[in-house]
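Listed in Swiss-Prot for this protein:
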- 1-65: region 'Disordered' (REGION)
- 39-65: compositional bias 'Pro residues' (COMPBIAS)
- 66-88: zinc finger (ZN_FING)
- 94-116: zinc finger (ZN_FING)
- 117: phosphothreonine (MOD_RES)
- 122-144: zinc finger (ZN_FING)
- 122: phosphotyrosine (MOD_RES)
- 132: phosphoserine (MOD_RES)
- 150-172: zinc finger (ZN_FING)
- 178-200: zinc finger (ZN_FING)
- 191: SUMO2 cross-link (CROSSLNK)
- 211: SUMO2 cross-link (CROSSLNK)
- 280-303: zinc finger (ZN_FING)
- 317-339: zinc finger (ZN_FING)
- 357-382: region 'Disordered' (REGION)
């Protein structure tokens, strides 16, 4: 038998040999017996550790060293305390350059200025309609979503706005807070009182009607607000016959009647001098304006697209005298008679009020007709 010497070469390694060869130090290999092999699935599991909170920890509230002496409320900055104290002092240092209205905060002035500039930065994503205030946009979006968060507790009917619910609830209670100071008749809506005031010539003037409406709206909100707003307002009636006191503290609006024999001098100490006349009054909220354009801008911003707009239509016919808008031209022509002739006339036959079709040149014809309305005069020729 012949023996040969051959060079040894490593053969193919199995999986275990490859694992051992991969370690430089054989000591790193852990060899366990069958008894030491852990069972699967494990019998005991430790609870998972809670993940650390995402983001930075909440910042601590800053100290509030500035305290209001009136109510004890504290603030972190002196400027915030100064702004808060204006609610107690009534200071309004921010004035509008266009209408003179004052505000306690500059941000409120910025919002008010949008009435004059026409700026509408808030747009509806559904229809593209724009608004001057975010609150108006929120109310408008309920038209698309169908949301009606204000529900009547009496009948269950829902509304999109709180003021609509307040108007509706008067139908259940029968409350008529808007009272005519001349005859004591009550109305549930301020616009109904405005139409009724045309029957009283001494109350149909723009300036007088504005005071009556504003005082009636304030009195409907509460006696405290009525007294704090303007107190007593004395309105002359006729030529020295007497006055009507509107907004007298401690009295109901129905008790504010004509004071015969008081004279024109009695109106002096009772009247409170206003900074500027505001003959144009919003029939929805009672707010007064010095110009018709301001009233129209207010109504479009706060109460919709203007007076006379039915079903969301844009009023295309605007009165140049007061800024009131109408959808139809015929309604505008009827409205212009108020500015052309002033107070309405009362028919001597039927007692109904009516407006003459022309100005002073038709007074002779009206007197010749005996002060009768066109319906009564027209019936004579039939």
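The backbone N, Cα and C atoms fix where each Cβ goes, glycine too.
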Distance, residue 191 (SUMO2 cross-link) to residue 122 (phosphotyrosine) (CA atoms, angstrom): 29
Most Cβ pairs under 8 Å with the zinc finger (66-88), selected from 94-116, 150-172, 178-200: 94-116
Pairwise Cα distance for residue 211 (SUMO2 cross-link)/residue 117 (phosphothreonine) [Å, integer]: 28
Of 191, 211 (the recorded sites), the residue whose Cβ has the fewest other Cβ atoms within 10 Å: 191
Winner by Cβ contact number (other Cβ atoms within 10 Å) across the modified residues 117, 132: 132
Helix, strand and coil totals (DSSP H, G, I; E, B; other) for the zinc finger (178-200): 8 helix, 4 strand, 11 coil
Residue 191 (SUMO2 cross-link) to the residue listed as 'phosphoserine' - Cα separation in whole Å: 25
Distance from the residue listed as 'phosphoserine' back to residue 117 (phosphothreonine), taken between C-alpha atoms, in Å: 10
